[in-house]
């Protein structure tokens, strides 16, 4: 497997719709204001967080069960900023919609700007032939409220191309998150 460069990412986005909408350069500021960077980087793509959030509150004192998750444990927020309570988490989604090629595995890593503030971004790998908006999980590991900015960079996608095509892709096996749009809760 080899990591793919900015040239490859740009070509795949423009010719094959791998990332939509696609920002072909790294943006660090807009209209004289600084933003957390997003867009193409040397060997990755920095994704943005959309303005849709589900903030975990557990007002119902439910047990967190991935097989039977209580959607009522979330408060829906639509805003340019999301405040995550101390020691809690929020779900969001990327602005970008992804279409991963059959011979590519995509790994997501959180941006250091957030990590240095105690905010951890978690995303599982984007498997070969998966497509959709990426559901992002933000963990606030601090004892203070934490702020997430919509429409700014939150994580970096790294694209790993295999020498050999997989036998069965995510699409082939009918993965449960195939084609997801919006913030998607756990499914079993």
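Including glycine, each Cβ sits where the backbone N, Cα and C put it.
Keep in mind it's a predicted model, so treat the numbers as computed, not measured.
Look at residue 137 (active site, proton donor/acceptor): DSSP puts it in a strand. Under the heading active site, proton donor/acceptor, Swiss-Prot lists 137.
Residues annotated as dCTP binding site in Swiss-Prot, with sequence analysis given as evidence: 111, 112, 113, 114, 115, 116, 135, 136, 137, 156, 170, 180. The Cβ of residue 111 (dCTP binding site) lies under 8 Å from the Cβ of 36, 37, 46, 121, 153, 154, 155, 156, each of these being in the same chain and 6 or more residues away along the sequence.
In the three-state DSSP assignment, the secondary structure recorded for residue 170 (dCTP binding site) is coil. Counting other CB atoms no more than 10 Å from each candidate's CB, the binding-site residues 113, 135 peak at 135. Reported as a whole number, the C-alpha separation between residue 115 (dCTP binding site) and residue 137 (active site, proton donor/acceptor) equals 13 Å. The secondary structure of residue 115 (dCTP binding site), as reduced to three states from DSSP, is helical.
Residue 113 (dCTP binding site) and residue 137 (active site, proton donor/acceptor) are 16 Å apart (CA-CA, integer value).
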